[in-house]
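The structure appears below as structure tokens.
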Amino acid sequence: MVAFGKKLKARQIQEWQAYYINYKLMKKKVKQYAHQIEVGTLERRHVLKDFSRMLDNQIEKIVLFLLEQQGLLASKLAKLREQHDALEQQPEISQITELREGYRVVGYDLLKLLYFVEMNAIGLRKILKKFDKRFRYRFTDYYVKSRANHPYSQLQQVFKHVGLGAVVGAVSRNLHELQDCQGSYLSIYDPPALPLQDPVVDSIKAAVDRLTHSTNFLNFMAQHALIMQEDLPAPAEEQIDEERYHYVSLLLNLANTFLYMVNTYIIVPTADNYSMSLGAAATVCGIVIGAMAVAQVFSSVYFSAWSNRSYFRPLVFSSIVLFVGNAMYALAYDLNSLTMLLLGRLFCGFGSARAVNRRYISDCVPLKIRMQASAGFVSASALGMACGPALAGILQINFKIYKLTFNAMTLPGWVMAVAWIVYLIWLWFSFKEPSRDVEENNSPHAPDSETAEKNTLEKGLKQPLLITSEEQQEDDEDAEADGSEEVSQESRRPATSIASAYRLLTPSVKVQLLIYFMLKYAMEILLSESSVVTTYYFSWSTGTVAVFLACLGLTVLPVNIVVGSYISNMFEDRQILLASEIMVCVGILLSFHLIIPYSVPQYVCSGLIMFVSAEVLEGRYYFCCFIYDMA
């Protein structure tokens, strides 16, 4: 990951250099504040006041220049409007061509201004994040809310690019009117909208979409899915994304996610009965259920490495392995083999392609719909988690075909085996492998002045990799503040094993992973032992256990949406994390059978508290430990 300060320096337009956010100065000020607070020469409230004033000054500088440039563009558009009106009286082909070229020039000027706003918006977001991380204070919320909601807000100009939309509309509308519409009197505002085949307008729309993405708060469900994207994707990268995107292939990835989650939880209500039918104790069902998760630890490594070369082949392999695993799970009953049962679940875990599903969304889905695709990933996971136990509750039948037994214990395996075969056939005929070739940017060239400027920017991007010691120190500081070790040569290489991945972890990340392990441990105990506990204490049937687990799964999406949309705006993340950890502990304590008779309300309430709190903790864990660092 290249430090943002160096990226900003390389990509800024030289003649506008003085009007960009002074990211280097503000980063040094943050470090200076930290030192002054540490030695006791400055109070926190003075730091907040001074830093707010500095940010206000930087934003004012950006906004005043932005307004000046908008005025220049508006003046050019007004002159072009006069020429346009004159041409309506006496139209001439040569003058129409010249007028269209004039609007294109304004379009390229507008494109420069959009890039300018985007760079500054990302710089503001990053320096606010850096301040929050260094001082453990949620300053960003206070600053954005207090400035953005004020009637004289200057921040709105940057984060909502107020005013630029009018310029975008003027350029698009006039170029639309000047194209050959074959006598049509429709405009861009009339349905059905006429397609405008002009490269500068396409580039402007792409830049506006990217700017909107850069300045909006990330969708919570996308954060929960850990789908990453670069801060500054180039237009060429967007064009490659469009060419690589295939809607049916995306659906196939989401279907894989859904089926795998169904496969994980469909056996939970019947695993204890299956274990006892093979001569094992009912509690062995915990090992049977957990075997899939253990195997997934290893499959995530080789599937991640495999996705560097292909998406289609890993998904095919995953489907075949999952078919074999489910068939082995179902056949274990007739073979009376507990070993076959465990091997079947291990095979299912070895077929986990969730790493490929995430990677496909991150790499092959265009930026403008990546958030929706990420939300679809989380929705498919949550729906599969709820459908698995519910489906097990439906499969309460018993019959034999030849020597094969089909009952409540084996049917989950047979149903999932058939599902994976159907999925494999659909995958084989419908999936489109995205191109891995890096294509040249073949977008039409801008006018000569713009071409020269683009060449200058390209030269800036091709600076030597050797940097001065001062710049190296700044990059190291950026990496330290962002909680990242990617400045080292080792961390730039992809992790190809669990050991190499572990070596890349910082001590703080290891602690965070331990917390994550404990919350997943508590959640899996609840799910895995639910059938054993409820049968022993309450004599619940398989159908009742299935309904209980399905209801738990259905809470995932509503709870995460409420927490991500409302509660996170009222409380700090660390407060939500602490409260969630406390509630998980409360749920665990309530689940014990101590003095009073164990009752159904006690078990249901403790399970609900434990599961919901663990889900909230997992969602905020993803947000705080990963996405916030990468935003």
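Just so you know, glycine gets a Cβ as well, placed from its N, Cα and C.
In TrEMBL, annotation is done automatically, which means it is predicted and not curated.
These numbers come from a predicted model, not from an experiment.
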Feature transmembrane segment in TrEMBL, mapped to one of the ranges 101-123, 377-399:
377-399
Segment assigned the feature transmembrane segment in TrEMBL (from 61-81, 544-564):
544-564
Can you find at least 3 Cβ pairs under 8 Å between the transmembrane segment (338-356) and the transmembrane segment (280-303), where each pair is 6 or more residues apart in sequence?
yes
Applying the under-8 angstroms CB criterion, which one of 280-303, 377-399, 544-564, 576-596 scores highest with the transmembrane segment (513-538)?
280-303
Which residues of the same chain, at least 6 past either end of the transmembrane segment (544-564), have a Cβ under 8 Å from a Cβ in it?
220-221, 223-224, 265, 268-269, 378-379, 382, 385-390, 392-394, 527, 530-531, 534-535, 576, 604, 607-608, 611-612, 615-616, 619-620, 623
What residues in the same chain, six or more past the boundaries of the transmembrane segment (411-429), come closer than 8 Å to it by Cβ-Cβ distance?
252, 255-256, 259, 262-263, 266-267, 270, 312, 315-316, 319-320, 322-323, 326-331, 344, 391-392, 395, 397
Quick check: do the transmembrane segment (377-399) and the transmembrane segment (280-303) share at least 3 Cβ pairs under 8 Å, counting only pairs 6+ apart in sequence?
no
Using a Cβ distance cut-off of under 8 Å, indicate which of 247-268, 280-303, 576-596 has the most pairs with the transmembrane segment (315-332).
247-268
